[in-house]
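Beneath this line is the structure, given in structure tokens, with notes to follow.
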Amino acid sequence: MSETKNKNKFIRLLSYSGNYKYLTILGCILSALSAICLLIPFIYIWEVVNALLQVAPDFAKAQNLESYAFSAFFYAVLGIALNFFGLMGTHLSAFKNEKNMKDAAMNHLLTLPLGYFSTHTSGGLRKVIDFSTAKTEGFLAHNLFDLVGAIVTPIVFLILLFSFDLILGLVCLIPIILCFIFMYPMFSKESQNIMVQYQEYLEKMNGEAVEYVRGIPVTKAFQQSVYSFKNFIKAIKNYGKFSSEYSLSTQLPMTSFVVSINGFFALLIPAGILLAGAVVDVKFFANFMFYVIFTPLCAVMMNKIMTVSQDWMLASYALDGIEAILNEKPLVEAANPQKPKNHSIEFEGVFFDYEDTDSDEHILNDVNLKINENDSVALVGPSGGGKTTIASLIPRFWDVGEGSIKIGDVDVRDISTEELMENISFVFQNTTLFKDSIYNNVAIGRKGASREEVREALSLAQCDDIIDELPQGIDTVIGTEGTYLSGGQQQRIALARAILKDAPIIILDEATALADPENEYMIQKAISEITKDKTVIMIAHRLSTVKNVDKIYVIEKGRIVEEGNHDSLVENEGLYSRMWDEFNQSIQWKVKSEVI
Ligand SMILES: Nc1ncnc2c1ncn2[C@@H]1O[C@H](COP(=O)(O)OP(=O)(O)OP(=O)(O)O)[C@@H](O)[C@H]1O
């Protein structure tokens, strides 16, 4: 059963090569032929030794030496040529395989809901795609080719063993059989699972190491030691424990394997001496020489089979990584997409939970709200209440569990993704700027935008002072020549991108979170530019930034607990009014401490 599954897996892997898979098959056939050709010269060497021994000590009388030497040379060259063309075939197919696999994964990623990327970091995805495709490419280009050669060689070897001398052949067969017996457990399902577990422990440790390096500034600032990174320590210990236990468990089979593959001589030489006592003739001596020269080759081949089996396990694990991405459910596109009638937004009885939510409480619990076209609303409330989640459901980062979200009276699930993205701009607290020029970073906001339009958007987003200070103006590449932008500056560039996009619905999540007072003032100016005549949803902790919106929704524990404008909510003396008091106190505290 597991064999069929593995076979299927191999066929699945090969299918990424498309029609190039025939090159893999051809490459493997050439590998087998090459292995046979490369063994034939040994027969001719035996013929030469035999011919010389027959006429010893008058070696000049030896016959056919040139013809043997030429034949040996011919097969050696043919073997190398077949090897070369075979490897070329497997490489071409492997490169195609790698490209197709990467394309499939990348294209599939484009169909996934945006929420997928908030739980799967770009670094992690890149690692899976790069590691997996590199591993499978290596397996198809080299390891599989080697495996065929490594399997064919002992088979031809066995045929040769028996055709030269039956008894010596049988003697040489014993260590080969022992090798296979000791190798068998290493091919088992259990052993494959161990390999997968090993990779998981290794990845966990690497992941924690990255977190550790990222956190070094905090560790130093708070005078902590490496031991404060408990997860890292735990990951190292787990990895160490697993590796030692695994190594110890393979001690006996591995040692037995190594002893057997290198134990040919231990049996061959005593057998040779014993047999030589009985039949002392030249032919026997030539045969014996043949075995002495030839048998070490078999050890090399056995070793290769052993390592290739491990390479297959790694390649199979890598394929699992890619298939995990490909098996992610894409965002379901509407069969008959509709256009929103206007840019109002409505939540009707929305319930939502993340996939891994295990609490009894819903993340969003019966959320109902209506935002008229061109109105500005704010979502405020305690941390973890669900503000970002509400905003993320509008552009379908995730789909609602129950209820519906409508834009212009059309359910967002009935709007095509393209149309939805055209209608919505979002600016998050953690803005992503590419390591590219400021110009390209902004121009991505709208296809075909002219240079002038990009400049204008930057200007409206209050970025003139940033551009003036850069060595190459808007063509300066961020992150080079010491060009690093502060969080607030990056936020303004991101706002320029949104201004250029000019979408009718704007979602601003903590847009001023990273700003110092001067940047905050500039960002506020940019925001008033971007939000003119737009439907706006703002999420903010600084209540001063949302005081003038048309409506404020107070979100707590996934529910809307209050709604109204600023004045009415302050009068209400509920959660908002308490938050407003706390906000004012914090401002006064700040002013006082600055005066002192
Ligand atoms: N990707 C996710 N997967 C699982 N749970 C999540 C995810 N994102 C948020 N949550 C959980 O959902 C709840 C609401 O989070 P959300 O970020 O929407 O709150 P918020 O009000 O915006 O918080 P904050 O003001 O701190 O940004 C929290 O309990 C949070 O832990």
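Each residue, glycine too, has its Cβ placed from N, Cα and C.
What TrEMBL says about a protein is an automatic prediction, not a curated fact.
Fair warning: this is a prediction, and the values are worked out from it, not measured in the lab.
In TrEMBL this protein carries:
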- 20-46: transmembrane segment (TRANSMEM)
- 25-276: domain 'ABC transmembrane type-1' (DOMAIN)
- 72-92: transmembrane segment (TRANSMEM)
- 144-161: transmembrane segment (TRANSMEM)
- 167-187: transmembrane segment (TRANSMEM)
- 257-278: transmembrane segment (TRANSMEM)
- 284-303: transmembrane segment (TRANSMEM)
- 345-582: domain 'ABC transporter' (DOMAIN)
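A contact between the transmembrane segment (20-46) and the transmembrane segment (144-161) is present, since 3 or more of their C-beta pairs, 6 or more residues apart, lie under 8 Å. Only residues 6 or more beyond the boundaries of the transmembrane segment (144-161), in the same chain, are considered here, and those with a CB under 8 A from a CB of the stretch are 24, 27-28, 31-32, 34-36, 39, 42-43, 86-87, 90, 168-169, 172-173, 176, 291, 294, 297-298, 301-302, 304-305, 308, 312.
Per-residue pLDDT, averaged across the domain 'ABC transporter' (345-582), gives 85.
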